[in-house]
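Q: My structure is below; once you've seen it, I'll send some questions.
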Amino acid sequence: MRLTPLPAFDNNYIWTLIAPDGRAIIVDPGQALPILEAHSKGLIPTAILLTHHHADHIGGVPELLERWPTLPIYAPHDTRIALNYHRIGEGDSLNILGLRFQVIHTPGHTHSHLTFIGNDLLFCGDTLFSLGCGQIFEGTPTQMLASLQRLAALPIQTRVCCGHEYTLSNAAFALHVDPTNTALQKRRQQANAMRLANLPTLPISLESELNTNPFLRTAAPTIHAATATHLQRTPIDEVEVFATLRHWKNNFPIKNIP
């Protein structure tokens, strides 16, 4: 199977897993056009997986259904997803094109957000980003941290497939928080070179994220110290460290911060 991220909008990725015969699993098609263009080159949509209800992740589905009306769709229980689809949730598993994916509930960004795990791949939508995490629109910091900790416990060789290309803007904030992290410094240099070459910085290994993403390192002394300095007091617990990081980033002066 070939894993390919298809760019959409300004910074979204539509993830595709393509079999040798062209049949493909599609994750979060916010736009139809990238899929239609890939179809002209041999891609055959076989199933759609949706992580959450936001338009930039599901907006292309109606047009794709016009072309492939029997295409199966798997998505969370959420009345805001106005489609005919298979409702799935925590503990479910999917077997598509010979691949098995576990479904886990990862609330925080939205109440019903799902993540798909299998075959050393992690399709995490807007929960975990390269060097960052999603904004907390509907959940709580406690929920979001718990979701991230579940993902952090996966095998380190897992490849993280996020919904957006945010690595460079996330790196700026991460380095502001953790400036002496040499692995993080190296990642920013690598990501900058990749983006200059118009290459995606994803997927990225979970091992790399564990070493460089401040939102996965809330127990690390350097991250704890940085949030204490920002708060001008000692954080109460790890949840407050995380909540402080998220609020801090929300107000960090860089364009296109997620």
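Note that Cβ sites are derived from N, Cα and C of the backbone, with glycine treated the same way.
According to Swiss-Prot, the protein carries these features:
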- His52, His54, His109, Asp126: Zn(2+) 1 binding site (BINDING)
- Asp56, His57, Asp126, His164: Zn(2+) 2 binding site (BINDING)
Q: Out of His52, His54, His109, Asp126, the binding-site residues in the record, which is closest to His164 (Zn(2+) 2 binding site) when you go by Cα distance?
A: Asp126
Q: Looking only at C-alpha atoms, tell me how far Asp56 (Zn(2+) 2 binding site) is from Asp126 (Zn(2+) 1 binding site), rounded to the nearest Å.
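A: Checking the Cα atoms of Asp56 (Zn(2+) 2 binding site) and Asp126 (Zn(2+) 1 binding site) gives a distance of 11 Å.
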Q: So how many other Cβ atoms are close to Asp126 (Zn(2+) 1 binding site), meaning within 10 Å of its Cβ?
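A: Taking every protein chain into account, the count is 26.
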Q: Do me a favour and check the Cα-Cα span between Asp126 (Zn(2+) 1 binding site) and His57 (Zn(2+) 2 binding site); whole Å is fine.
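A: So the Cα of His57 (Zn(2+) 2 binding site) lies 9 Å away from that of Asp126 (Zn(2+) 1 binding site).
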Q: 10 Å Cβ neighbour count around His57 (Zn(2+) 2 binding site)?
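A: His57 (Zn(2+) 2 binding site): 26 neighbouring Cβ atoms within 10 Å.
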Q: Would you mind checking how many other C-beta atoms are within 10 angstroms of the C-beta on His109 (Zn(2+) 1 binding site)?
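A: A 10 Å sphere around the Cβ of His109 (Zn(2+) 1 binding site) contains 27 other Cβ atoms.
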Q: Among all the protein chains here, how many other CB atoms are within 10 A of the CB of Asp56 (Zn(2+) 2 binding site)?
A: 17
Q: Around His164 (Zn(2+) 2 binding site), how many other CB atoms lie within 10 A of its CB?
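A: Step by step: centre on the Cβ of His164 (Zn(2+) 2 binding site), count other Cβ atoms within 10 Å, giving 24.
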Q: In whole Å, how far is His109 (Zn(2+) 1 binding site) from His57 (Zn(2+) 2 binding site) when you measure between their Cα atoms?
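A: Answer for this pair: 13 Å between alpha carbons.
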Q: Can you give me the residues near the recorded Zn(2+) 1 site, meaning same chain, not His52, His54, His109, Asp126 themselves, Cβ no more than 8 Å from the center of the site's Cβ atoms?
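A: Checked against the 8 Å cutoff, the neighbours are Thr51, His53, His57, Thr110, His113, Gly125, Thr127, Gly134, Phe137, Gly163.
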Q: Show which residues of the chain containing His52 (Zn(2+) 1 binding site), separated from it by at least 6 in sequence, have their CB under 8 Å from its CB.
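A: Pro76, Asp78, His109, Thr110, Ser112, His113, Leu114, Gly125, Asp126 - these are the non-local Cβ neighbours of His52 (Zn(2+) 1 binding site), listed in sequence order.
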